[in-house]
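A short write-up of the structure that comes next.
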């Protein structure tokens, strides 16, 4: 079988770059024109592109027309839609012949794992629509092709067809592509093509689900976001590698083995019982760990970042997985970290405990040395370092508290005593 393009043994630099772009980007699958032809739109873009797989692959985007190599849209279809591993030979070819396309459609590259056949969706009490199906760990959104339980974005579900879940933001893009203007009209499901939900209900879910997104989630993920970094003691700065920052020399780069939250700290977090008049029962409000809606009588726990989860869901997460919020990463309780001695310095270890929400760094010299501590009044400048002294001055929201630990005979600088 003849091939129009040369068979590649390894991806080109351009193909590898566009694969990275495809894995980072949020792209919506708006329409399937056939088994190998798709209409896509990237988040934030107004124009749609059409991708066709074949020999060769084609795309209507300007990058493909200019470079004549795989663009991020073709890579997205191969890596996300068909779930090809990026090291698979089919993932970086300029085209695939008919036999290879058939293998791709049959999913010959996927691992064969047994899966329980899902039960039919149950009818709601009163006969008004279906209940939401349970979300499995491997379930993906049919529009953005992201794993639902890994992305942890609010979801809606098909109420009159299949009961499957879809990201609310993706359904909004899907409804806009269908050009549905009547608020009482029904939006079609991208999976079963039956009635998904009324557009009016979907817009209400969009409005309420936006309240679940914190500022930290909407900001760039490489920023400190106002929280003092335990390494460089700065805020609102770009994250850098510890090894590349001279101010962070000596800090360990690996997290502690037991980076979970103590049980007594978890139980001290505020919780509430969902009442019949609670706004948590409005469309779009849900626990973003299990992606199920809140119900009357359920226990809900609130973290310091104001995210709310089912008590059973967040307690299991904090005590067995992480000590931070699963959505924005804000610490609930930070275990002590150890500063390693630098080369050429006297061997010494110092234990630091960072208290989130307070901006305090508590330290104690090793060896039981006597140390002085001084608490100073607030000042407007925060995050300043003290040259030639042990310890750091730091603060939060413009208030700095110096809790330095100094060896005997050393005094705090004039700035600390102001």
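Glycine residues also receive a Cβ, built from the backbone N, Cα and C atoms like all the rest.
All annotation found in TrEMBL is predicted automatically rather than curated by experts.
As recorded in TrEMBL, the features of this protein are as follows:
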type   : residues : note
DOMAIN : 49-82    : domain 'SWIM-type'
DOMAIN : 141-193  : domain 'RING-type'
DOMAIN : 287-328  : domain 'RING-type'
Residue distribution over DSSP helix, strand and coil in the domain 'RING-type' (141-193): 14 helix, 10 strand, 29 coil
Counts by DSSP class (helix H/G/I, strand E/B, coil) across the domain 'SWIM-type' (49-82): 16 helix, 6 strand, 12 coil
Helix, strand and coil totals (DSSP H, G, I; E, B; other) for the domain 'RING-type' (287-328): 10 helix, 9 strand, 23 coil
Mean predicted confidence [pLDDT] for the domain 'RING-type' (141-193): 90
